[in-house]
Amino acid sequence: MWLLRVPWALALLVTAVSPDPSAAPLDPASIFADLSPAELRAVRTFLMERPELGLSPSRGGPLAKNSVFLVELLPPPKRVALRFLAHGGARPRREARAIVFFGAQAEPNITELAVGPLPRPSSYRVLGLKGRRAVPFWARPMTQLEYELLHEALVAALAPLEPLLLEATGFGFQNCSGRCLTFSDIAPRGLRPGERRTWLVLQRFVEGYFLHPVGLEVLLDHEAPDPRQWAVRQLWYNGRYFGSVREMAELHARGALPLVRLPEPPARHLFSSYEPRGRFFTGTPTEVHGAKVCEPQGRRYRLRGNRLEYGGWSLAFRLRSSAGLQLFDVRFAGERLAYELSVQEAIAFYGGHSPAAMQTKYMDAGWAMGASSYELARGVDCPETATFLDAHHLLDADGPVRFAHALCVFELPTGVPLRRHFDSDFQGGFNFYAGLEGRALVLRTTSTVYNYDYIWDFLLYPNGVLEAKVHATGYIHATFYTPQGRRYGSRVHSHLLGNIHTHLVHYKVDLDVAGTGNSFETMDIRFENISNPWSAGARVVQPWLHREPRRRERDAVLPLGRASPRYHLAVTRRHENEPSSSSIYTQNNPWDPPVTFESFIRDNETIEDQDLVAWVTVGFLHVPHSEDVPNTATPGNAVGFFLRPFNFFDEDPSVASRAPVIVRPLDPPTCSRLEIQRWTPPSPGPCVHPEPFTYNGTY
């Protein structure tokens, strides 16, 4: 059995079928590899040349056009992939998933296409979402073109307010150079299906502009395909609503509008910057390098394309443009434990007094969080010894874009032994000491979805434990401080409110424990009060394990017995038409999304001896505080879960490691002569990375 450990429950998947440990001899992991730049270009070229699609370039031109928005790998069906992984033979047909915006037609919509075979595509077919419903055009993600048009419309609409903005902030929109205003946009973009009205938070464009709102929020209607029809519908300034730009401008001209005049931002040591300021009380040095990770005898993992091997572990991985890291064919000691383990969605729900704050419900798959994988800094985001990998995305672009150092792989000392024991003789000496150093292999990427940075990790431990973890950092989503806002957060700076919000992250865990036929069982601790069998009249209170098979999907959602907007854990039967729990369209159509997780369990199918998927939600409440300035720190802001073996192996599989140390006295109880057993070199050698720090940052 394999144990899925989440903070709320112990869940076991019970094996029903024996595995087939055979594997194809020819690079099987590559069937899950992301599309190469050449494949991305080939797919786009093929689609652009299809006259019936009538496609235009993504950049420039009108909004009401047909264009390719996203191209990424379409993984093969599971049964086809498993047959190939087990028996070899013909490789599965390699295909791409293409999202096409059809805006230049009578009924605009979004259509997904399967394009193949790669590397030389010759055909395409429509990919139907579950329920076979079309995705409305207004549910589309934002594009660079729409942002450019949105900025132009905002600048033009707010021209009458330029005197007000300059007086209150010292910054403006009109013909600005170094003292410009910018904005952050809020989603969902409306209150009902079909709307595309976005609240925009105006900010000074300085370093860390997310922490510099000026107190003005603007509701801009950009539903029409023609930007000339866009208009400001409402405004909010310093706790007060206005029906039009003209109303605000006239009030200001008459001196009837109280202004909040913001202080001039300093040229150095801006509170939103990373520049050092102040000193630690103890005076211990920080201007010298601290502890580092090193590999004195070289790497102990193997990376071949998208196949990663470490100790007993072997897996394939990819970085989806749409939603991020995805593992396939996860094995330990040659046995497949999971077919897929992947990030599905990251959500942040906010509360606040301003309209933008109360409207904010970010669903980051709708912002293609997998393509927000910017460069990782060597020695900061990952150790100097890490292996760095590039990613290529074709998202809202007319060709693939290279994101350098988007992923990294490294072995990490955990700082705590994996296991250890000191066996005392209780006479001042010992019988033996033994310990095994704590190490884990980390596969990491990040998603910087505007203000927030998510650090995504999968950690592989030598004892067969896998950990999925996400750290939240970056800038808080903050609004302008008003006294009424204190109910919804903390005043983190003079004119800044850190708004309360909840982070929720959803994972897909397609476990195949000794085959695809699995069942689900929970274990709970209960207590009994019984007569003491060896002492008449006495009682014993003790725990016992209550095991309960969960036979249908409705019985396999936790927590049980109460309504919940997001299940901590849900186990469903796997279906090929239920590949993800969310979609790229949910952000702008949360009222009737194309993918609804509730439909996965509504039919209440049997889950005994079936191919099962565990859907895991982790999260935390964040009440921002002044220590979140300039950025939220990672300690205390990380969540995740573990996959742990549970009576799957005969013993701890880390006994295969050659890294333990065993010390035995040769003359007990004196212990003056010791036998030290090691299977690694007695000295690790030098631990210095000679290369200086470098960073590029372009993509």
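Keep in mind that glycine also has a Cβ here, set from the backbone N, Cα and C atoms.
TrEMBL entries are annotated by machine, without manual review.
Pulled from TrEMBL:
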- 1-19: signal peptide (SIGNAL)
- 39-123: domain 'Copper amine oxidase N2-terminal' (DOMAIN)
- 140-240: domain 'Copper amine oxidase N3-terminal' (DOMAIN)
- 292-563: domain 'Copper amine oxidase catalytic' (DOMAIN)
- ASP364: active site, proton acceptor (ACT_SITE)
- TYR452: 2',4',5'-topaquinone (MOD_RES)
- TYR452: active site, schiff-base intermediate with substrate (ACT_SITE)
- 566-654: domain 'Copper amine oxidase catalytic' (DOMAIN)
Count of other CB atoms lying within 10 Å of the CB belonging to ASP364 (active site, proton acceptor): 24
Length of the line joining the Cα atoms of TYR452 (2',4',5'-topaquinone) and the residue listed as 'active site, proton acceptor', in Å: 10
Predicted model, mean pLDDT over the domain 'Copper amine oxidase N2-terminal' (39-123): 96
Cβ atoms near TYR452 (2',4',5'-topaquinone) (within 10 Å, other residues, all chains): 24
